[in-house]
């Protein structure tokens, strides 16, 4: 694996060369929760990969040949095949690469995890809206009430299942797909939103012990530094906390 701590490529940069045989490339951004999903799966399945970080405020022109809207993550293999949308990319990795399957083999259990993901679907947008409101000094009481309700819905799932993780007694795909937003609650200033959800707090504690989660954890001070620059529209935000030469 390479690229975890490489600087972002921006406008005017040269496109990277072909993807080497036996490696998959991910176009990513260190602080992006959607990229985080896919990187968790890459790490959990020990897939050989390289990371190309993209400056999302100053995107290279060539990157639009990888994704029509210039979003991350995007996977690219040595056959020049491109896969984007984070959930689709994660499922592709699970289907194509050997090792422990993160999605269940059983069709019903797989469908059930996708239904759980639908129950989660409002959390990313509500988290983002709360973050923006807090950073801009606006009242976010109603937004936090709405976010707490969505988290209560997830709490009820864990209570009903009486399991440590959303997919059962061991980590599976659904846990990795929702984790990035829970990791960000503290740095977003929203940690109190799980004060009323004891099962979710136990799940969070269990997730923090997972090797893939630990490997991709970003220090809170670095994340806060990124957010400070990001909300100043500073294109250097995406490289905050890195040192050394740009790797292209």
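If you go along the chain as it appears here, the first residue is 1 and each next one adds 1.
In case you wondered, yes, glycine gets a Cβ from its N, Cα and C as well.
Matching 23, 72 to the glutathione binding residues that Swiss-Prot gives (59, 85, 86) identifies 72.
Classification of residue 86 (glutathione binding site) by DSSP places it within a helix. Taking Cα separation as the measure, residue 32 (active site, nucleophile) is nearest to 72 of the binding-site residues 59, 72, 85. Summarising the glutathione site geometry, the residues cited as binding it (59, 72, 85, 86) extend over a maximum Cα to Cα distance of 19 Å. Across the range of the domain 'GST C-terminal' (106-231), the DSSP-based residue counts are 90 helix, 2 strand, 34 coil. Secondary structure counts, DSSP: the domain 'GST N-terminal' (22-101) has 28 helix, 17 strand, 35 coil.
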